[in-house]
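Enquirer: OK, Swiss-Prot features for this one:
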COMPBIAS  48-66  compositional bias 'Basic and acidic residues'
DISULFID  CYS139-CYS204  disulfide bond
DISULFID  CYS182-CYS232  disulfide bond
DISULFID  CYS192-CYS234  disulfide bond
CARBOHYD  ASN148  N-linked glycosylation site
REGION    48-69  region 'Disordered'
SIGNAL    1-18  signal peptide
Amino acid sequence: MSMLCYTLIIAFLIGIWAAPKSEDNVPLGSPATSDLSDTSCAQTHEGLKTSRNTDQHHPAPKKAEDQELGSAANIIVDPKLFQKRRFQSPRVLFSTQPPPLSRDEQSVEFLDNEDTLNRNIRAKRETHPVHNLGEYSVCDSISVWVANKTKAMDIKGKPVTVMVDVNLNNHVFKQYFFETKCRNPNPVPSGCRGIDSGHWNSYCTTTQTFVRALTMEGNQASWRFIRIDTACVCVISRKTENF
């Protein structure tokens, strides 16, 4: 009987010693630890993703110099505005650099200095010699490319804002106007050259015409007709005879 009791006690102790260990004592590399690592990695990835999204919603502040760009250069113009040929004028030019000189060599505002002007005039005289055929202009005019034109009058006589710089396809173009005006209202003491001062009063004056230019209307760019100087003409009137 006592032998049977000892046998049962030994079998019970062996059963307890051979029981499975708890998950708290699971060795590294076991499935329980792998699940925990995966969960921790997922939480870390989620934290990084949340931080990245937060950075996107709250970007870093821009530099002051980036915020102080010219208002005209920041206005992006739709390229479709330039697809219609009826909006183009030979006296309006959009360019990234100053236009070339006019044929009469009087558009000197874009030249570097007086020496450059003299060299250009001498070169032109050598290439195209001028022959004195007795032909003179009634009025002396000067033609120049005008830059930085900001104000003008439209076809209704109202003042409008002219765009100086145009942002087109990430390139900044300047709007130039080719204007012609009188050099002197009285090229000769009597008025216009070649006019009979005994019977006529005369003087030279600048006339204007309308060209399509890119203007600002609210916060949008639009085409409008504006006045610019385009010619110098002679105005005459008959003298009254005193009897």
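Just so it is clear, glycine is given a Cβ too, placed from its N, Cα and C backbone atoms.
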Enquirer: Checking your reading of the structure: which of the recorded positions CYS139, ASN148, CYS204 lie inside a 10 Å Cα sphere centred on CYS234 (disulfide bond)?
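Expert: The recorded positions close to CYS234 (disulfide bond) (Cα within 10 Å), listed in sequence order, are CYS139, CYS204.
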Enquirer: Can you tell me the CA-to-CA distance separating CYS204 (disulfide bond) and CYS192 (disulfide bond), as a whole number of Å?
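Expert: Rounded to a whole number, the Cα-Cα distance is 6 Å.
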Enquirer: Return the residues near ASN148 (N-linked glycosylation site), defined as same-chain residues 6+ apart in sequence whose C-beta is under 8 angstroms from its C-beta, sorted by sequence, else 'none'.
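Expert: In sequence order, the residues whose Cβ lies under 8 Å from that of ASN148 (N-linked glycosylation site) (at least 6 apart) are VAL164.
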Enquirer: Which state, by DSSP, holds CYS232 (disulfide bond): helix, strand or coil?
Expert: strand
Enquirer: Restricting to the same chain and to sequence separations of six or more, state which residues have a Cβ under 8 Å from that of CYS182 (disulfide bond).
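Expert: The list for CYS182 (disulfide bond) reads CYS139, ASP140, SER141, ILE142, CYS204, THR205, THR206, CYS232, given in order along the sequence.
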Enquirer: How many neighbouring Cβ atoms, not counting its own, are there within 10 Å of the Cβ of CYS139 (disulfide bond)?
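Expert: Looking across every protein chain shown, the total is 24.
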